[in-house]
Amino acid sequence: MSERVPLFRGLKQPQFVAYQLGKEEEVVGLWKPVVWLTLASIIIAGISAFFGIGSEYVSRSLPDLTRSGYEAYQTFFAVGQVTWGLIWILLAIFIPSLFFWTILEVDYRKLLFVQLIITMIFLIEKLVFIPVHLFLGISAESNIFSLGIIAQTFTSIELIIFFLANITLFKVWAIILTYKYYRHLSERSPRFIIWTLIGFYLFVAVISSLLSYIKFENII
């Protein structure tokens with residue numbers, strides 16, 4: 001694979017790129033897209049913080065704050081969001097790559113290349129949610145691209161709502177695309193690959209829903 005890593009082409013033409021990736025002995029030039037995706041994640045997190053996206057759980061206490069307290073809260077929230085944007089992108093890139101490297105017997109750099117493509121999907125999801133939140137005024141658990149909005153019609157249990165809100169069309173897209181790449185790269189059976197992928201992302205959804213369930217005001 002050349003120094004110019006074709007991430008966007010990997011989204012549009014997965015079969016072709018997967019075939020090329022399978023023939024390559026070594027994948028190089030991955031550090032540049034890692035840096036660019038990291039910067040993109042930080043910028044998106046900053047934009048989200050600017051519009052107050054994700055501050056729903058602490059908003060009820062804002063009327064009781066003084067002006068200086070409110071300004072301190074804004075600063076704290078923005079720094080926290082940007083910091084999490086940095087941490088999240090690194091986890092999203094390297095943890096799945098490392099996990100599947102241990103079970104698929106595929107070169108780690110090739111798995112990292114695939115995960116960079118998948119991480120682009122997650123960034124697109126975060127970017128798309130910004131105008132959705134601004135124009136529709138909905139929170140993450142009511143995301144129109146997730147099962148969270150459906151869950152609210154039959155249950156009021158927040159943990160279930162948070163869990164289903166983590167199952168989105170973008171996550172399904174990510175699983176399908178990852179499967180297409182892994183099927184070309186690994187000698188493991190297609191059934192093993194797809195069920196491992198589903199299990200991994202369900203586990204991530206459980207962890208994410210638990211973190212969402214722990215309200216910020218219960219921590220401070």
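Cβ atoms are placed via backbone N, Cα and C, with glycine included.
What TrEMBL records for 34-54 (among others) is transmembrane segment.
The transmembrane segment feature in TrEMBL is assigned to 75-101 (among others).
For the transmembrane segment (113-138), the list of distant contacts is 1, 5, 7-8, 10-11, 14, 21, 27, 30, 33-34, 37, 40-41, 44, 47-48, 51, 53, 89, 92-94, 96-97, 144-145, 149, 168, 170-171, 173-174, 177-178, 181-182, 185: same-chain residues at least six beyond its ends, Cβ to Cβ under 8 Å. Annotation source TrEMBL lists transmembrane segment at 113-138 (among others).
Distant neighbours of the transmembrane segment (159-180): 11, 14-15, 18, 114, 117-118, 121-122, 124-125, 140-143, 145-152, 190, 193-194, 197-198, 201, 204-206, 208-210, 212-213; these residues of the same chain sit at least 6 beyond its ends, with a Cβ under 8 Å from one of its Cβ atoms. Per TrEMBL, transmembrane segment is recorded for 159-180 (among others).
Taken from TrEMBL, the feature transmembrane segment applies to 192-214 (among others).
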Let me spell it out: take the transmembrane segment (75-101), skip the flanking residues so only those 6+ beyond its ends count, and list any with a Cβ under 8 Å from a Cβ in it. 34, 37-38, 41-42, 44-46, 48-50, 52, 54-55, 58, 108, 111-112, 114-116, 118-119, 122-123, 182, 196, 200
